């Protein structure tokens, strides 16, 4: 029971991070039908932007309040990562739109390799550590020397994720921008016939997806206290798995899929074997693709025409 | 009305050639539409009627020739900028956003309008098509064909267009619904002077409604004249009207 509760907390924390990244995959797929393989590396880049920002703020600027540092870092990382993603779309994907279907995906794989190699060269290949931030924990229960803890940073991760998802939901459902975004997703040609600038809407989709991945990057850095140029790959593929599990194209599905992948991974580590936790997560991808390709909340393709 | 039409047309299509890849769909088309007119374009399936509608909107763009709207050359403008000049289209196949509510579809129609007239315009649409009011929270994809057609027209009107392009509003609809839609078009033209370009296979009703008409065959305009004039021509009768209406 104690282990179960502890893994539930850990799983939801990890799942929040996967969910935030998964939204970027699912939104881009929804609007242009492309898997943005570089998205995981955009997440990794955001963690490096956060690392640099935290170090600058704590050492050069000398801000002592850790929450102020995190808040500023969040905004800076979202802005810069959004910019990076905007540039990627503009340079590597847009010129290939209208080309054959695989072209932008190949370009995305190239972008992924470029980003991780660029960070490796620019920042060095070793792990980049940060001194622990927000180290306090709450002990929820204790029995036979086993403590079930809830760390402040776990609370922070879940709270930031929940708040952000609410804001994001509001943006997509209630604002003209979100409406234009959904219109482009459902029928790009018709959206243009209603005066919507489709290219600009697609750019914004990339920027929003990257901003959410940047939040995940900041939270990841705070949680693990370390980042490495190769860290885009595994979380990226897991978030993609989450998007597929939830039903690619579905925003609630991405969040649900993220939480499920996080939970599966932590429970597998606790009850079976920690070495095989990635195998467990990726086996799900295979099983879902075979037996349930539309995912949990994906829509079956029946519509009246 | 056509006899007293002003000299510069609201829409002037001149020598327009449109291709799909290497296949030519429009082989040099000339069409004029004056302010306050209802003009119809009739022709068989595959004649290029919808292509002309879409070419006016820049999707695809004409490879040759010009499209001028209100005196301005719009041939090379991107689609969304053309629509911002207050051209609205209810396209072939209706293209309702299936996973948006009726209300959201109408909001999309008003996307260019800025929202200042939204409530009043919405009321007007409900008066014209009361069915839409009953369905307001329903998803577009769950509407019947007739309801979708009404929604497509209402969505186009929400932008307060200077020129309304209607592509086959009668397709697949019950005669009663067709009459309802044609009555609505006539009313808008008579009361508000709305300029309409109507593409139809239902030639009889279209020519009855329109001030002027064009006949298109294989990407070429073969005949033009007033609606009554075209209706009386034997070649129009035999090609488009025989077999009932």
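Note: Cβ is positioned from N, Cα and C throughout, glycine not excepted.
Straight from TrEMBL, the features:
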TRANSMEM  A:12-35  transmembrane segment
TRANSMEM  A:42-60  transmembrane segment
TRANSMEM  A:66-88  transmembrane segment
TRANSMEM  A:100-122  transmembrane segment
TRANSMEM  A:151-172  transmembrane segment
TRANSMEM  A:202-223  transmembrane segment
TRANSMEM  A:243-267  transmembrane segment
TRANSMEM  A:279-297  transmembrane segment
For the transmembrane segment (A:12-35), which stretch among A:42-60, A:66-88, A:243-267 has the most Cβ pairs under 8 A?
A:243-267
Result, the transmembrane segment (A:202-223) in contact with the transmembrane segment (A:66-88) (3+ CB pairs under 8 Å):
yes
Stretch among A:100-122, A:151-172, A:202-223, A:243-267, A:279-297 sharing the most Cβ pairs under 8 Å with the transmembrane segment (A:42-60):
A:202-223
Excluding the flanking five residues on each side, which residues at least 6 beyond the ends of the transmembrane segment (A:151-172) place their CB within less than 8 Å of a CB in that stretch?
9-10, 12-13, 16-17, 19-20, 23, 70, 74, 133-138, 178, 181-182, 208, 212, 215, 219, 222-223, 251, 255
